[in-house]
Structures are given as C-alpha cells and as structure tokens.
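Taken straight from TrEMBL:
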TRANSMEM  A:27-45  transmembrane segment
TRANSMEM  A:52-68  transmembrane segment
TRANSMEM  A:74-92  transmembrane segment
TRANSMEM  A:104-122  transmembrane segment
TRANSMEM  A:142-161  transmembrane segment
TRANSMEM  A:330-350  transmembrane segment
TRANSMEM  A:356-374  transmembrane segment
TRANSMEM  A:386-419  transmembrane segment
TRANSMEM  A:439-460  transmembrane segment
TRANSMEM  A:490-508  transmembrane segment
TRANSMEM  A:520-543  transmembrane segment
C-alpha cells in the first residue's frame, strides 16, 4: 500500500475547476473543495496572525475569491456597494447638521435597498404588474447574487449604527471591507452587527483551546444537520411530496410537512453553526443564530430563538424605526393597510367562486383589530401591533419575492399580536413554583406553537398557492390507520430515521448538549481530529447516496 | 494548563489530521450510506409479472444485436409506402398509415372518429402527458370528453382533467398483482366489484373540469361484464334528479347510458350489484379524437399480456381503437442487469397479443425517458436507460410498430438532470417523473413526431391541407379543481354551448375489423362549426409563483 492510494487523482482540469466559478457547483462549507482551500488558507492565516493590515487584506482576498466561487462576477457588486456605503458613512460620521445626516443615511439605505430590490424583486414586481394590468412586460430573468440579502442588511446596520452613534466607524476602507466581506457569514448569515464585529477587528487576535473546541463542536453538529439530515430528507421525501402533493397519501403529506419543518431548521441552523465555527477558528466571535426554536412555548419565544440575528436586526432597525411600541408612523400603517386592502379585494374577486377567501380576509382583519381593541391600553397596543405586523410582512418578503412569503410573514405577525393579547389577559407569573398542571400547559403550548410554525412552513415551502392548498387539504384527510402508517414508514425507513434523529436531537434537554460538548472537550487532540475526519467521511458518504427509488403505496 | 495560551497551531493540526483521517476512512469505509432499498409488502405496488420475468431471465446469456446498422424497408399499406429508414433513427411511420388515414378523413371531411388507447406507468399517472396530447389532438381534430375512466383509482386525486371520487367499499383487482382475477380484467387492466355492504352505499362520482373540450361529461356510459346477477340496479343522481337504471349483465361486455349528451357531474350508487365485474365509465361525444389514459403506477407493460381476447374484442366493438400507445420503461430500469432481451421478447408477445385483441390497430411504442442515478456524488443518466431504449426499439421493429425514442427527444445523455435543474423545473427531484410543465413538453415532443409522420403521409398520398400551428397551448395554467377554488382565478375559457343531445351521433358499434382495409367512415354529420381555438390565457397565478432560489 502506497501513500498515493489514499490521495485522490488530480488532473489539470480539476485544478482549473478549483479556481473558476461554476454556476452549477457554488462553493459551500460542506464541499471537499472548501475543506482543501480552507486548510491552505488557514495555514497562511496563522502565519500572518501577528500582522494587522496584511492579515486583513489576506482575508479580504480570500473572501472575495470565496464569493466569486459562489456568485461569479457579482463579487464586483459587493465591492461597489461597499465603496458607496463606506463613503457615505464617512461623511455621515463627520457631519453635525441633522438634515444632512438624514440625507446621507437615507441615501445609503435607498442605494442598498435598490440593489436588493433590483436583484430580488424585479421579476416579482413585473409579474404582479402584468397580472394587475393584464400587460405582458417580459424581462430577462435577473439572477440573484448569493447572499445579497445578508450583506445588504449588514451594510444597513453599519450605517444606521453610525448614524445613531452606537459605534465608531471603521478606521478605513480596508477595515470596512473586511467586515462586509468576511467569508464565514457572507453567504447565509448570521447577519453580523457592526457594533459586535468592528471592535473585534481592532482587538488583538486570540484563539484559545476553548474556542477551538467549541468551533469544532459547532462544525461537526452543523455538518450533520445540514448534509446528513436536511439534504437527505429533502431530496428523498420532502421535495417529492411538495412537487406533487396529490400523488401521495394523506399521511405522506403530513409527514412531508413535519419533514420540512425539521429540514429547514437543520439546513439553516446547520449552515449558521458552520459559519460561526469557521469564524471562531479564525478568532472571530459571531452571534448565536438559533437556540432550539421548536422548544418554544409561544410564538413570541419562537422569534427569540429562530434566526436570532435576523429578528434582532428587524427589531432594531425596522420595528423601532417605524415607531416600535411608542408611536405610529406613516410607513407603519402603510404596509398593514395595503396588505389588508389587497386581501379583501382578493376575497371580493373570488366571491363568485367561493366565499371562503372573503371570510378569511375579513376574519384576519377582525382578529388583528381585536388584538388591540380588547387590550386595556388600546392606542399604544395598536401602535405596537401595527408596527409588529409591518415588521413581519417585510420580514416575510425578505425571504424571497413571493406572495406566499408575505402571507407567511402576515400569519406570524397576526400570531404575535394575538399572543400579546393573550399574555395581557392571562399574565404569567414571573417566579411561580413549577406545578404539574403548569408542566402540562407548557407541553400543550409547545405543541400548539410547533404546529402553528409547521403550518406556516407549508406556505413558505410550497411552489405556489394551489400546491399549498392541495397539501393542506390532503393533510385534513389524515385518518388514524396504524397499518398504513407503518407500511409508509418502513418504505421510507432512512428518511424517517433521520427525521426522528433530527427531532430527538432538537428536543433533548440542554444538559445533554452540554454533556456532549464537555465530553468532546476532554478528548485528546488526535481523537478530535479523527472524529472530525469521520464526520467528513459521513458527509461524503451521505452525499454519495443515490436517491431512493420511488415507492407507490396503495391502500 | 492555561486556557489562554494561543491555540493556533493545535487548531491547524487538528484540521490537517482530520483531512488525513478522512482520506483513510474513505479508503476503508463503504462509499455510500443509506443504501437504496426497494421496499416490498402488500401495500407497495410492484409489477409481479415483471418480477417473475426478471427472475426467469437471470443468467440468460447476452445476445448480439442483429439489427444494428441495418436499413429497414417497408411494404406498402393501401398503396402508401414510406421510404426506407435507418435502424438507428427508426420511427416506423409506415405502421401508422391506418391511423393517419382516419385522421385525414376527420380533418378533410369531418368524417369518422379516432380513438387512442394510451397505456402507461406512473409517468402518465393523473393524466399527465396524456391530457396534453389529448388537448392538442382535440383542439385540432375536434372531439370532446376525457375518454374511459376507471371506477376507482389510486391517482384520482392527482387527476386534473376530471374530479373523481368513490366510496371505499369497492374491491379492486389489478393485472399488476393478480394473475387469475375473479372475472377478466377490463381494457384498463382492472376489474372492480362492490363489497357486500348493507350499511353504506357503494358509489362513484365524476365531475367535469373547466378545461376546454373537457368541460362536460359527454354521454356518460357505464361498462361492465357478465354476471348471473339479474337484480342489480344503478341509481344515478344528476343535480336534483334521480334515475334508476337496471343493469342487465348477460353479455360479455354490457353498457348502460347514464345520460344523453353532456352533463356537468353525476353520482352513481350501485344497488344489489354483487358479483358484477365493473370496468369504468366512458365519456366521449362520438366525434373527433378521444384518448383513453390507462395508466398504472409501477407497470412494466408485461401485464397487458394477460388480457382476455374475447372481452377486448367486445371493448373494441364498442369503442373502436385506431391506435394503441405503449409508454413504459421506468419500472424496468432498476433491476441490475443491462441485458433486456427478456423484456424485448416478452413485450413482443404483448404486442402480438394486442393485435389479436384489437385487429387492425396501429401500435406506437414510446421508449423510456431519461432517468438519472447517482454515480459518485453526481447525478448522471442511469446506465440502464440506453440498453432499455434499444430493447424497446428492437421489439418495435420486430412487431411492426411505430417508435418514439423519448430519451433522445428530450435531449439524450444527462437531459434529466437538466430538466430537474432548469428554472422553472420540468421534472421532479426523483430524477424520474415530470411535473406538469415537463409533461406538457413531453407531450409536445410526441405530438410533433406523430405530426411529422402525418405530414409525410399526406404528401405521399398527395393531399394538401393547411397546416395548423402546433402543438396547441391548451392548458397554460394548472387546471382549476374544486379544492383550488380559493386560490386560482377561474380559467377564462369559453364555455361550450350546450348542444342538443339528440343531435349527437350515437356511439356506433362495429368498426372495420380486418387489417388495412380502408376505414369506412360513419355516415356524415353536418360538419361541426369550427371551434374557436382555445385562447391563451394570461397566467393568472403568476403573481403567486415564487422563486425559492434564495429562500433561506
């Protein structure tokens, strides 16, 4: 046996492929290419650890290369927007007059949102216009640069924080570019806040054993969640059912909804964990993005545990900006107003076919109105709820250009408002003794919250409205039939095992995760490397698994 | 040990060692986890005839392809002879001459009618592909109605061309699983019996869609077989009216008309109908083109060999088939061997049997589409696809059938990966099945090849007719069904004026039974008013289509 037996065979074409953008294979943390590139990058990074500017420039170069590998020529867009934002923030910081400051701020925000709007929403707006006006404007499909939603928000956070004097701005353009382009969180978050990150640039670079352990622990968990659980159940089950719900039994439809619920968590939080882990290996601490959100006992709690970097961003920069819980603003009322108007027009349009849409739209409006009319402090609660609703609507739209995302946001906004009212009527005591009934109530609350969230995910995932309605209709036809269920579960054994692992892992008490972490910390260095190598193999072997053949059930 | 000591080099060492560990693991551990298991069990649909055939063929030596590089010449049919073809690019239009002649009569003289039986597997489940082909043909040659529909079907919910519901007290026997049914299988490969149920009625319900040419259930007619039962009745509920129809069952195949002309929907309750073999309902207006979709998930095509000849001839007398399409292959791909001579031989027998059952019918073989499998970490065309298409071509040549190579039509090697990855996607993530968009495209490809042959036929026959722009865009939106009401605006297609039922031609049994004799057209009806071509409807659901590319 020779060393070459272990090493992969490499051709010139392969080497070219490493450095040239391939739209079909954008770089991701869970690809072998990233692993190889990172090893080389990391070695040199460590050698430059005691330099400052050199190290920053080096990381920027790698980040831009990384972005080029995932989005091609659009890395120029990242450069362009960073130049504009840095320049504006530079003048903003040195400006004393309030009007001028506002102009700088708005100009920057508008530029950022224009980039985002152009790339993300052009097709959506044109489609909408075409449908409304009966026209047929076609437009070349605008390709979406990867991660634009994330770095745009990051840039906006920087300029607003400079405006609010919450941070001292980056000392020069290089430092700013380092913040915006930092590759671990560039493509899929977490959305790092300038006030958390900028100070780290200027601090002495440190990396303790603790940090490395935690980073590896996160990377391992992230890899399993993303590549093994999420990718496998999506391609072998969830995608198929969402592609054509009516070809599947009611039970399979229900399981696809549960499957997607764990899939999106594993996918998103897994990738976030990897990003946080990789950043930590470089000595940078990024904020936690997910804290086992499906354990939440209320929708309010869910949003404190789901995609935390986005929800805090929305709270600080959107919710507060439109008035927060203190006052109303034009923008705050505009979006809910437009939304409910549109909803009712839609309902009226359909009234000749069915009254259900009209009932739903009026019902939605009534529930929303009641959520503050029943409150003691009506005016203030109204401001809060309207602003919250605006935040959730736009938050929904941020996820993608589709009515379904907006409705998804609206449902969450409505639920938050209703939960606020519920809390006002049945206040929870802060330091109540844990009782049995209290425990039962908590479990019920968790189940309700979970199912509400899972229901909303159906809208989030479906290709279009008819698909979502098919899926929901099919789920309503589920009957208790253990034999049928057993046959289906055995038919998709691997999928259901992975789903179960995903949920059990998620619902384990925090102590379990802590124990695991401590055990990992105590293993010797070589063993850690072997565990990591084993996980890499697992990722590779899972990625090699072919799609499961189609199974047709007949009951 | 100090926790604050820089840990850079150790960190790097771990990453490097882990990569070495990975290379070692890759060497010694299996290449993939989650093996692709094929599930089995009584509720999993598998084609038992095929499994037996696979078993019997194990160990058979590979045979040489004797047809490679040959030229295929044809004998004249009715004085029409197509030029010689290369085996590589075989299409066999010659064998469709009888079918083309009927189309021509229909097109030039508005005489006669054409019926197509489209047999398929999960590809055509829920009327996918077939509905588009039917729409294109009916838009051009006329004809209304979805054709023959089963009593019960596992794919009824996904069928968009009509709403089909049924009670759960039906007993179903399918030629996929059963060798010796209680009574012979119908043309749809199924036979249905009512279960003894004194409490709940046994019923079926059909409702027409809003699609053009399918907006009514035309002349709904029940088809059922022979039984000693003389008491059976069918209670038909149409709107507010209830009719009772007796079900005499003395012939090998019996029909009872539910209503004359077109109705929107009806429900049929079956009373005291024990032991009667039911087959299904037919919906057609007696003119133009009708296409029956006989799809069966999991079917390889082999079970067709079990058709009862006498019963099939009775079906043919009533319905008069001009073309039989055999669209199979997906379910034959996953059985290891790349030697498909067993399949070729068995399917050749199936075709011979069909010719015995449906004398004079033209037959069209459609090959398997592209399908991908994972090799390493990449999806590629399954290595069994090309050998299977070759086997399908060989039996098409041998049995004098026409042939459509769907694999090359859709783009050949690697095309399925493209169809799945394209935006908007044309095929599902199982890299096997098409979605409604892809199905339309597949239907267009098939229609185009059929039409190419038709154009050549007309040239050979010296007829000139204006060529319509084809294929027709008939279903630009997902068809609206009941449950979609909430979301999709109604498709604005012109409702068909209700024609006077009495003015419709009755289904005339008795079709020329011998081979290429020139079809005798049915006595002419005054030519139907040219129908307005279905208008292309602006996409009403485009506003809610979404781009999930960046949906994180």
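If you go along the chain as it appears here, the first residue is 1 and each next one adds 1.
Cβ from N, Cα, C; glycine included.
Here the transmembrane segment (A:104-122) has long-range neighbours at 77, 81, 84-85, 88-89, 91-92, 95, 139, 142-145, 148-149, 152, 155-156, 159-160, 163, 397, 400-401, meaning same-chain residues at least 6 beyond its ends whose C-beta is under 8 angstroms from one of its own. Contact between the transmembrane segment (A:330-350) and the transmembrane segment (A:52-68) is not supported, since fewer than 3 Cβ pairs fall under 8 Å when only residues 6 or more apart in sequence are counted. Across the candidate stretches A:52-68, A:386-419, A:490-508, A:520-543, the maximum count of CB pairs under 8 A to the transmembrane segment (A:27-45) is reached by A:52-68. A:386-419 is the stretch from A:142-161, A:386-419, A:490-508 with the greatest number of Cβ pairs below 8 Å to the transmembrane segment (A:356-374). Among residues of the same chain six or more beyond the transmembrane segment (A:439-460), those with a C-beta under 8 A of the stretch's C-beta atoms are 257-258, 260-261, 264, 293-299, 301-302, 399, 404-405, 407-408, 411-412, 415, 468, 471-472. Among residues of the same chain six or more beyond the transmembrane segment (A:142-161), those with a C-beta under 8 A of the stretch's C-beta atoms are 26, 67, 70-71, 74, 77-78, 81-82, 85, 88-89, 92, 104-105, 108-109, 112-113, 115-116, 118-120, 122-123, 167, 169, 176, 179-181, 185-189, 191-195, 310, 313, 316-317, 398. Residues 225, 228-229, 232-233, 236-237, 255, 258-259, 262-263, 265-266, 292, 294-295, 548, 551, 553 of the same chain lie 6 or more positions beyond the ends of the transmembrane segment (A:490-508) yet place their CB under 8 Å from a CB of it.
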